[in-house]
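See below for the structure under consideration.
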Amino acid sequence: MEFEDIDSESRWQKLYLEIRNQSHECSYKVAKYPENRNRNRYRDVSPFDHSRVKLENTENDYINASLVVMEEAQRSYILTQGPLRNTCGHFWLMIWEQKTKAVIMLNRVIEKGSEKCAQYWPTAEEREMAFRDTRFLVTLLSEDTKSYYTTRVLELQNNSTGEKREIYHFHYTTWPDFGVPESPASFLNFLFKVRESGALGVDHGPAVVHCSAGIGRSGTFSLVDTCVVLMDKRKDPSSVDIKSILLDMRKYRMGLIQTPDQLRFSYMAVLEGAKCITGDSSVQNRWQELSREDQEPTSESPPSAQPQARCPTERCNGSQRGGQLEEGGDYRQDGKVPAQSPCKEQELDGSTTHKRRREDSISKSGTAKTPQSKPRTNDSEKKRKRAKTSDC
């Protein structure tokens, strides 16, 4: 078996570097426009031009999000960064325009003392959050907290039309940045909860999957789900080549899977997930038992309890508006624009991974209200139909 061979020979680092070196590099010019600089959480994580999601009813169509289309699996995902305080309204606008049914969040708002994501949904105490720049109101309808994940039902209201939609919010709360979940069982239990909602199916728009940068944990989730779907669809499940599928997904968003450990975990989860589609009807119950989801949540307070991570629509800390983003995510005010660089993944010494760990202290000022324009043909729907990756 491929997994056992790689594991016994400790070849995960080698395989990871092979994937990185074989990955397709596409242009990402729009992400580097000066007006988009404060819409990127990390300086070295940018959406490719050919697969970026375009906002429709706004003057600036940029958001750091990529449409990943896996045609054979009939899966489409929008992989995106954790919203910034000044992009929360854009985030909900994207969800509305793409007809998304579920948001899969794989990080905490605060991790190791750093803000990894703005608080873009209302807490149980608030119940509602309004986003004036894009005219959306988000209401918390229900919240079910398990030991390592929380499921929420949110109501998204378009204040321009009065229309309302229900959005599922699946929030994995114990997955460390650059790390892996506690076990494949707990991850698969979570994944199949998401799948049971129907939100990943073709009847809805692409699910929005995010962590902090939208490449490591988000890539792991999407890769495992796609591979398990393909193993179910094909007559020969063993024909599913995980490496090849990951390389295909990387044509849509740079840097998916950030460490050899995440790669190894993906293989483990796919093999374990395959048991569910090969006739072992008890496997899902076993995952649920092993995940210990009904235990008390971990002692660390959940993301929604962090007041400093609120996503305000008003301007705050506006004095930083004139600064520049340094290589590695440092923020500075000297007015010098550093050289641009693509996403670089973990080198053998881990130095570049350390670079991406540092949060960008970007401008936290709110965005101005933008005039509404006539709706355009949904660009992402065209991409899902074409599923082309040759226009880099």
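In case you wondered, yes, glycine gets a Cβ from its N, Cα and C as well.
As the structure is a computational prediction, the values presented were derived from the model and not from experiment.
Copied from TrEMBL, the annotated features are:
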DOMAIN    1-273  domain 'Tyrosine-protein phosphatase'
BINDING   Asp177, Cys211, Ser212, Ala213, Gly214, Ile215, Gly216, Arg217, Gln258  substrate binding site
DOMAIN    185-264  domain 'Tyrosine specific protein phosphatases'
ACT_SITE  Cys211  active site, phosphocysteine intermediate
REGION    287-392  region 'Disordered'
COMPBIAS  298-307  compositional bias 'Polar residues'
COMPBIAS  363-375  compositional bias 'Polar residues'
COMPBIAS  376-392  compositional bias 'Basic and acidic residues'
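Note on Ser212 (substrate binding site): other Cβ atoms within 10 Å of its Cβ, all shown chains, come to 27. On a Cα basis, Asp177 (substrate binding site) lies 8 Å away from the residue listed as 'active site, phosphocysteine intermediate'.
Pairwise Cα distances among Asp177, Cys211, Ser212, Ala213, Gly214, Ile215, Gly216, Arg217, Gln258, which the record gives as the binders of substrate, peak at 12 Å. The substrate site is set by Asp177, Cys211, Ser212, Ala213, Gly214, Ile215, Gly216, Arg217, Gln258; from the centre of their CB atoms, other residues of the chain with a CB within 8 Å are Leu106, Asn107, Phe178, Ser218, Gly219. Taken through DSSP, the domain 'Tyrosine specific protein phosphatases' (185-264) splits into 45 helix, 6 strand, 29 coil.
The local packing around Gln258 (substrate binding site), expressed as other Cβ atoms within 10 Å of its Cβ over all shown chains, amounts to 27. In the structure as shown, the Cβ atom of Cys211 (active site, phosphocysteine intermediate) sits within 10 Å of 28 other Cβ atoms. In the predicted structure, the domain 'Tyrosine-protein phosphatase' (1-273) carries a mean pLDDT of 95.
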